[in-house]
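Below you'll find the structure, written out as structure tokens, and then a few comments.
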Amino acid sequence: MNYDVIVIGGGHAGIEASLASARMGVKTLLITILAEQIGASSCNPAIGGLAKGHLVREVDALGGEMGLCTDATGIQFRTLNASKGPAVRGSRAQIDMDEYRIYMRNVVLNTENLDVKQEIADGLIVEEGEVKGVTTQLGNRYTASKVIITAGTFLNGLIHIGDKKQTAGRQGEFASVELAEYLKGLGLNIGRLKTGTCARIDAKSVDTSVMEVQPGDTPPPPFSFRTDKSTFNPKQLPCYVAYTNERTHEIIESNFYRAPMFSGQIEGVGPRYCPSIEDKINRFRDRPRHQIFVEPQTIDETEYYINGMSTSLPIDVQLEMVRSVEGMKNAKIVRYGYAIEYDYVDPTELKHTLETKKIKGLYTAGQINGTTGYEEAAAQGLMAGINAALSIQGKEALILRRDEAYIGVLIDDLVTKGTKEPYRMFTSRAEYRLLLREDNADMRLSKYGKELGLLDDAYIAKFEEKQKNIEEALNYLQENYVTPTKEFLAKLEAIGAVKINDRTCWIDVIGRGDFNRDKLVSLLPEFDKYDDEVMGQILVEAKYSRYIEKQQMQIDQMKDMLKIKIPEDFTYKNVSGLSNEIVEKLEKANPTTLFAASEISGVTPAALEIIHVYIKMSQKGKI
């Protein structure tokens, strides 16, 4: 059976990869261990969060499915950091995990050019360093010139609960053992990581009346740019905030010797920013309590996910520690928490397209690349699917820059720096985060979605109208000035805006004050024609215009720098400030330009700047 692209794994990365490829007109096959588990969320019942919300918005702006599915199945919507600047705000939604899975499975099974096979892939067909297809345990051979592996935690997955171990990719599901061994045989650098999840509690056994209530936002902010805000009003459920206490800590600490992560049973490195409860108690012994979030898993509110209590402690300890929390003294555990170890591919083995350097046509995306999180997985899956399809079509790859998208930051970090622990996205990882806001993801990326054919005509028309209105308004604010007449100063005083002393550009008037829609319209009534979405963009762009200009200048300078040629006789070991590792890599690769040097794994922007300075000094004869 012949295909153009084969995707192995039906999780968040595999869904976006297979949908993107198929929607671009490429014949695609998705191989998954259990068809009913397509779109299953292995851990928390939520999408988004700080920086993660940016990724979901970017996936959506490019034509991915995650944002639409979240809006269709969400049971609580919030904007995190709402009181802070727009660059660090993050959208987050609680999802109905059952409905999310059903939605995604239905979309996948009803997409043209996309077939689904419930099988276990056990190897690849590789000839002369080029992938030709996939083999399965049932003896089937599926041929394709592009294969995308999105195996999540299933590669050599090993679950730990106390001293008990079980080979599995997720609780109750087979691990992918043969494929993991096959990848090692290809010479790929394979490592071992660990993650975990918490116990799920029978909701009727929890007393939420003694906990802090955490409601959703009103009105609820949708994720997708394609969702109609005027009609978006889903039923929202509250989450609850509870706390561990000294008794909880005593129970956990007295059982450290039974914890797989302390006994030496677990070898893989766990996520730094999502530690298990036993790790938190061990690392932060001076803290009297830790915050936990009690989150509904479905709209039926039958089970609660205890966010903040990920654990692999034995089941008797899990029950005792859960019942020590106020409001949970009668808690009944439906599913026990566990840790899982799994294989991952060193992401420095990859190109920026997510194609492996050693095997032509083989791509990897998601947790297999060392990341953690549904959102990071979806972003990689989308880009792998897009680039595999573009390669089939003989077109140029789509590589998003660091100044263009958080997706660009994510992939660039992975393929140039690599990772020894599960990688999570943060806004602090982006150098140009004022340009990479959630609210302007469509302005940044929907042009690519349009070119790729991943966005429908109705959305494109709406997007282009929005883009036109924003440009029109900003051009007016940049090109027109106002003088400090008595009448105008009175208007500024009336709305509490900063007064001006000289003839001032409108964009600077807004940039100096805390403007909202009403204040701006009181000064410029003609702006009342813009809807709230457009007005929001106008206000942010105006307020931060000078900072945005500065960041854009830095980006332009970087682009110019990367064009600079490196002299053939340039000696890297004479450059002070470069590590031995970077020197070795540069000497081996012998790049001809700074851009070529930037593509080398481990060569940082700081290293490029140092080399640039030395090139300029050598040209001036100063060294």
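Using the three backbone atoms N, Cα and C, a Cβ is placed for every residue, glycine included.
Look at Swiss-Prot and you will find Gly9, Gly10, Gly11, His12, Ala13, Gly14 tagged as FAD binding site, backed by sequence analysis. Neighbours of Gly14 (FAD binding site), defined as other CB atoms within 10 A of its CB across all chains, total 30. In the three-state DSSP reading, Gly14 (FAD binding site) counts as helix.
Under the heading NAD(+) binding site, Swiss-Prot lists 270-284, citing sequence analysis as support. Applying an 8 A CB threshold to same-chain residues 6+ apart, the list for Ser276 (NAD(+) binding site) reads Gly196, Met261, Gly270, Ser310, Thr311, Ser312, Ala339.
Reduced to three states, the DSSP call for Phe284 (NAD(+) binding site) is coil.
For the binding-site residues Ala13, Cys274, counting C-beta atoms within 10 A of each C-beta gives the highest total at Ala13.
Take the CB of Gly9 (FAD binding site) and look out to 10 A: across all protein chains shown you find 32 other CB atoms. Of the recorded residues, Phe284 (NAD(+) binding site) and Gly9 (FAD binding site) place their C-alpha atoms 37 Å from one another. Taking the mean position of the Cβ atoms of Gly9, Gly10, Gly11, His12, Ala13, Gly14 as the FAD site, the remaining same-chain residues with a Cβ inside 8 Å of that point are Val7, Ile15, Glu16, Ala17, Thr32, Ile38, Thr150, Gly152, Gly366, Ala377, Gly381. Here Gly11 (FAD binding site) is compared against the binding-site residues Cys274, Lys280, Asn282, and the shortest C-alpha distance is to Cys274.
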